[in-house]
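**Q** Input: one structure, supplied below.
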Amino acid sequence: MEINLISDTVTKPTSGMLKAILNAEVGDDVFKVDPTVNALEEKVADLFKMEAALFFPSGTMANQTAIKIHTNPGEQLICDKYAHVYNYEGGGVSFNSGVSCRLVDGFRGMMTAEQVEEVINPPDFYHSPLTSLVCIENTTNKGGGACWDFTELQRIKTVCQKHGLAYHLDGARLWNAMVAKKESASQYGEIFDTISVCLSKGLGCPVGSVLVGSKEHIAKALRVRKVFGGGMRQAGYLAAAGIFALDNHVNRLAEDHQKAKEIGETLLNLNFIKKVEPIESNIIIFEIDKSLMTEKQFLDKLKENGVSIIGMGQGKLRIVTHLDYTDGMHKSFLEILRKL
Ligand SMILES: *Cc1c(COP(=O)(O)O)cnc(C)c1O
């Protein structure tokens, strides 16, 4: 049995999803006449109680588009040092928007309102870049799937309002955060200017992300998406997968979280595991005691047993649970771990 735990992006469409894809009614979305894409956008906008939404081929493009519409070249955004927009989007912040990142030394990818306020450049001090945007990530990826305390997000919103800054949420795994913390999409829609959500991570779609915001922001985003080459034609086949996933795959994320917790507990009982970070959603980050086993030995042993996970550098290893990680696989994996 092959057990792939390197990411929640490794899933393949379920049979129900494939059926939805096959039955999708499509049109040319560049002319905005694909009924299924339009339905998906409306559905996501309604969920967040925001005015409009736009379908994207990737989360990176959705984030980069948001950054582009909220900033001008030469300006600066504020984000945590672990932020995906800073670490894993190919330098797109500077390439696409001519913007720099002011990094905050947060905790597990999360900042406090005080930390944010401290690094805002005074707008009349024209020697420094003009701060124009704050980017948040929930759950945090490099932070090990940590979920924000919603009141801190509200406090940062107050700081943004006070200083006239835009507020963007990279919600690639926001579904996980909402399920873990029993939150609603509309409470997020109320405080952020734009939110990107991913359909292909926890939700199991082959492709796709959605950006939500006001009509005005989404109208600007439509133009930027075109410039970035993200206009897709009969994209309704992909949007149909998204609609199916929103209807069927959100609540079940709790199962991924439960499995992640059980893996964490099993790891903690192994003598060569030095540390397991707190597990709040579907990501497990842990470290090995190098005097007892090297990272390579551990990964090789898992590989021999058909299990793939990845290293994150700096001695950290990562496991991500997902839709295609079945109960049967879970049982075998826990046994494999106990026997190591
Ligand atoms: C995966 C991810 C993205 C981008 O997703 P792609 O669809 O791979 O471009 C953005 N932000 C976070 C936090 C992610 O984990």
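The first residue you see is number 1, and the count goes up from there.
Cβ from N, Cα, C; glycine included.
Checked TrEMBL, it gives:
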DOMAIN    4-282  domain 'Aromatic amino acid beta-eliminating lyase/threonine aldolase'
MOD_RES   Lys201  N6-(pyridoxal phosphate)lysine
**Q** Counting across all protein chains present, how many other Cβ atoms fall within 10 Å of the Cβ of Lys201 (N6-(pyridoxal phosphate)lysine)?
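**A** I get 26 for this one.
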**Q** Would you report the average pLDDT that the model assigns to the domain 'Aromatic amino acid beta-eliminating lyase/threonine aldolase' (4-282)?
**A** 98
